[in-house]
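Before I ask anything, let me first share the structure, which is written out below as structure tokens.
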Amino acid sequence: MSKILIRAMVLPMTGPEDFYPEGEIGIENDRILFVGEKGSAPDSFIPDQIIDLPEDVVMPGLINTHTHAAMTMLRSYADDLPLMPWLQTKIWPFEDKMSDEDIYWGTLLALGEMIQSGTTTMLDMYASMDQVAKAVLEAGTRGVLSRGLIGNAPNGERAFAENIDLVKNYHGAGQGRIQVMFGPHAPYTCSGEFLQRVKQEADRLGVGIHIHVAETEDEIKTIKEQYGKTPVQWLEELGLFGGHVVAAHCVHLTEEDQEIMAQNKVFIAHNPESNMKLNSGTAPIPELRSRGVVVGLGTDGTSSNNNLDMFGEMRSAAFQQKLVKGATALPAYEVLQMATVDGARTLGLHDVGVLAPGYKADLISINFDQPHFYPRFSIPAHLVYVAHAGDVRTVMVDGKILMQERQLMTIDIKRVCREVEKRAKGIAQGL
């Protein structure tokens, strides 16, 4: 039994008015026992460790609802291109040369970057997902993993079988830190018959589906030419939306598409920086939220972003909508919800995303004793419009400290950086 008492400014994300300037959090093993003002600890709570962070804001760990972690291997390899030329001429040829070991090291680099920027949970889609699971288990983070499935590719059936094995071997692994979904890539890379088989297996195994949807105007045009419908309408017709589905991007949605998403309770992973960099467009996030659609926030991969800083992603999410929809669009607290509690809902995780009794002890501290955080009129505004990855001081998952005073505790990051540099350059030289 391990008991920890944290003293800090506490933003629990349980409501817009909930903030404890002199707060306390009590943790026993992997769970939160209490959260409140100074003096909240019951007399019976005798901590084994006290962590005093009087100038830090402690909040739930950030949740990245859509990424391709091992694409750290491709960071800065292919820039300044639209989506399809980027994929077809640069990304896919590079990925074809990546080994299982490359994916392991690339994922470990991503996890180190995520921890250092306050992300405790990710939804990942890639290949060699057993290697991704290995990296997640070693790093101590939380991960929802999906094997990327390009149904139209020669290895489509093998990848499908790998996703089934991933569920059987890793769903619930690491004391529940790993969950698994199916990962059909997109409507334009999977046939209707393939998608229906994916849906059938997901239902049989009791897991969700993670898919790119309506990312570009070219995708809309392609699907309309093939099926006479928008991607969202076609996926609904196929029956894909019957269970827990996370749809990434969702940039180009008609009013009917948005209503379909709401009626089917589809969860959306919003990736504003990737959408801007690839010139994909601006997703109708305020409209979707007003219909009751739950929207999480994601970075996408590092070759279309090019980092995994969820603080930067929050700022971009807010600024992009304000530019297009008006200054009142997506207030700071709503963006924080997308990166925490709504991110957890998007991934189907019911015991993370807020700091409250009974929830997992997944939390981060941000060092507010810095010039850019003064004066402190609004903590949520500072977190969204000011904070960046380098402000994160402490990271905890399942009650275990993964970073303290910015020092990673579970990853030898210098070794990982050297290994990724060597491997990535070797692949690029062979192309």
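Cβ coordinates are placed from backbone N, Cα and C, and glycine is handled just like the others.
Below, the features straight out of Swiss-Prot:
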BINDING   HIS66, HIS68, HIS212, ASP300  Zn(2+) binding site
BINDING   GLU95, ARG147, HIS185, GLU215, ASP300  substrate binding site
At a 10 Å cut-off from the C-beta of ARG147 (substrate binding site), count the other C-beta atoms across all protein chains.
27
Pop the Cα-Cα gap between GLU95 (substrate binding site) and ASP300 (Zn(2+) binding site) into the table, whole Å please.
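Here the two Cα atoms lie 16 Å apart.
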Between ARG147 (substrate binding site) and HIS68 (Zn(2+) binding site), how many Å separate their Cα atoms?
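On Cα coordinates alone, these residues lie 10 Å apart.
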So which other residues, same chain and not among HIS66, HIS68, HIS212, ASP300, have a Cβ within 8 Å of the centroid of the Cβ atoms at the Zn(2+) site?
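Not counting the recorded site residues, we get THR67, MET125, ALA248, HIS249, ALA269, ASN271, SER274, GLY298, GLY301, SER304.
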Compute the C-alpha separation of HIS185 (substrate binding site) from HIS212 (Zn(2+) binding site), stating it in Å without decimals.
6
Taking only the binding-site residues HIS66, HIS68, HIS212, which one has a CA atom nearest to the CA atom of GLU95 (substrate binding site)?
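Closest by Cα: HIS68.
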Rounded to the nearest Å, what's the C-alpha distance separating HIS68 (Zn(2+) binding site) and GLU215 (substrate binding site)? Just drop the number here, would you?
16
Other Cβ atoms within 10 Å is the metric here; tell me which of the binding-site residues GLU95, ASP300 scores highest.
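Checking each of GLU95, ASP300, the winner is ASP300.
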List the residues of the same chain that sit at least 6 positions away from HIS66 (Zn(2+) binding site) in sequence and have their Cβ under 8 Å from its Cβ, in sequence order, or write 'none'.
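When sequence neighbours closer than 6 are ignored, HIS66 (Zn(2+) binding site) has LEU123, MET125, HIS210, VAL246, ALA248, HIS249, ALA269, ASN271, GLY296, GLY298, THR299, ASP300 within Cβ distance under 8 Å.
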Take the Cβ of HIS212 (Zn(2+) binding site) and count every other Cβ within 10 Å, whichever protein chain it belongs to.
26
Compile a sequence-ordered list of residues in the same chain as GLU215 (substrate binding site), six or more apart from it, whose Cβ lies below 8 A from its Cβ; state 'none' when nothing qualifies.
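Listed in sequence order: LEU83, ALA186, ALA248, HIS249, CYS250, VAL251, HIS252, ASN275, SER280.
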If you count other CB atoms within 10 A of each CB, which of HIS68, HIS185 wins among these binding-site residues?
HIS68
